[in-house]
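Below is one structure; the comments refer to it alone.
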């Protein structure tokens, strides 16, 4: 890459060597570039080794971006700095050293939904007497977990809470009530923390809190990390919470000792107090506002040269944010934070715009009209008949867009434009309007995978299986085109079921004379019902029969304790649901299949983390995830290149930029939104953040909302539109304008909101570029990214070389697959050996007496712990395979294992560039053979379950030569040997990983990649087809 040109203050920040540093980086001032260039400058000037640098970020995306930028500037094989989120950093520490405070290093990390399920399971073990509602405890569990999260964010341990509660006065009735409540909560917090440790489970809040506990109680562990890191950098410092700041201070200063400035790490924090917008999840703005009080000798550098926005946008935003004075660094530090535009733009007098409409429908219409004008389509108008008779190309895209190129002068693409909303629900009107006009759009933020139509159908199926009276889900299931029901037909069924006072499923059972899940022999195909014959076509009857049969088969599989993946696989394959997306090779269909595949992967991970769970618990987990907005992102392939309007919340837009931004719904109570009070607030005494205690809660919320508005406005590069309406919903009273409008425009907007607005019948006279098929619900249109490969693994290489068509199904179309006994057993064995050699590694690292050399009993114990029961066809098959596995483990210990083995790296993840593609994977084990002149000589070990490879296969094999290439070029090791360990037989095979073999392996990868990019997916039928996951849909399968 070319040398990045830095301005004067950026250069000062990058080159500052000794001492602590506060970089105040305004919006668009090149913050990420400064951090990465500082890391590179430290390395290249040998102020510290790369491994002596710790960079902590707020999000995984930021960590990945920073890592990529550093990698691109460094040579292969360099010793990487630690670039990580706070949570990932602490996770790594606890898994390695947590046993010092009683934490199982193999703990499961719970999401919010998993924490809810865990708490619900143990709710009556927490000792609640007065607080727990007698009825449904769901709402209380949410409030309790939120309470715990906020305590964790404030560095309040269970013991500190108990001590506080015990000392509360309890003389009056009011005091007694508070005393009982606080003591009950404190004891429940302690019991909840203990239950998590006992069950080897932690939540995200635990990671930082327990790392701090480890450091405070085990000074030797803390000193190990303090001595390791000479430079600590913290990104987005304004978004850190109180506990994260405590962690940084401990790493910097130690615990309970006077700071030795000659031996402490140099601390650099980068942030902007005006962009602190995460108070709702614990962010403490006091961290950055009080940094100079904590480190008075720290150098302060302010970045004000903005490379993103027009000056008019920056000036308006600064005028707005100054209303947060004096609680800003610009005031407290006496600095100038006014941003100065450095980007070059053509002359344009419309940088800052206000659009006020009569009601929310007109607001959405005017936004859509402006988008069409900006993209060059505003002159296109036609009748409703013209709009509804559009033609489509082979990908389902509107051809009207392509046919109009000669009539427009487009300055912006759709992807240049963003609509930013305060809350997800505020997006609905804009989504519908853009959809009606055929304007491409894509959703960001929390509305993710679970809200996709193709996933909603699967969720409906699961919900009906666990509750046959769930009419909403049954309705969703029946509306799938898979069953050949017309809208009229399923409405007839609904009316008939209501007349019989039955649920829909009960009604269908009665007419088909079947019982879902019954052990008796039943005929689902032959129906004798005059009623059904009258209202349903033969095709619809056959479709409903298929549905009932699938529900019956699935209910029986639930009884047999089959895996959830097996049940879902049969549903999508046997119903023909997956085939609907294979009928046409469109990007939309590929996107849908990618989402289905991602859903399957999530279910597989859930079952892996919860081996004793069942479908009822999973659906409860799923429902809670949806309820709390914990929906995974949709499949991301092709999304970044999509030319579509971005719709996302302002919070989700943090870190992004767009040429044109619409900040919408700017009225009182929408933006700014009202402050929400906690159901179980933390006592003021336990709240550690003090900087804003002198202002009211309402004012504190207003300042947070103002910062959020500032972030939204500064996402815009060339134009920002502030839009609002006089009326929302059914309200007859005119809305008050957002106070932020007057502040950002520096004028009164009352007249804009009181003047009667004539919309000139806009709803009927609109531009329409409808590019959706009738009835199609579509929240994204993706470009054809079928042949693009960005990441590649050896498993993919192996699959392609076995059968290119199988590769296409598995990795291009990404059709989901069910688990297999071989996969389950292989994972069980790999996890067992990883735990076993991890114990051996610790015993060899000078921890003798604390960690002993592992025994055969340890190996069998790990095997029992890591056993995966999902994926087997029957309980008998599972039990037989498990017993066989125990014999295999005993044989492995006797025949293969040696105390002389010296594991250096275990389950080592890697990513390395091969051509234009990132080759990634995980190496099972790397043993240290010897170290000479600072160079580590190693042997690569890969475990194989199943039959031994033949000598001929081993000679042709490219996996270990590729891993050797990675070990030398990426990890900086010298590979002197490599071997396969065939676990089941106990045999070991040495593998040639010479330089010539590595070059051959690299050429093979590049050759396969070239074929993939060309779309070469010719099937190679063979005997193996009968064991292929895709043999039921592949027309070339040799069966």
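Just so you know, glycine gets a Cβ as well, placed from its N, Cα and C.
TrEMBL: automatically predicted annotations, no manual curation.
Quick look at what TrEMBL lists:
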- 4-310: domain 'UvrD-like helicase ATP-binding' (DOMAIN)
- 25, 26, 27, 28, 29, 30, 31, 32: ATP binding site (BINDING)
- 311-655: domain 'UvrD-like helicase C-terminal' (DOMAIN)
Largest tally of Cβ atoms lying within 10 Å of a Cβ, found at which of the binding-site residues 25, 27: 25
Residue 26 (ATP binding site): tally of other CB atoms within 10 A of its CB: 23
Least buried by Cβ count (within 10 Å) of the binding-site residues 29, 32: 32
Remaining residues near the recorded ATP site, that is with C-beta within 8 Å of the centroid of the site residues 25, 26, 27, 28, 29, 30, 31, 32: 34, 272, 303, 306, 307
Collapsed DSSP category at residue 31 (ATP binding site): helix
Predicted model, mean pLDDT over the domain 'UvrD-like helicase ATP-binding' (4-310): 90
DSSP-derived class (H/G/I helix, E/B strand, else coil) of residue 26 (ATP binding site): coil
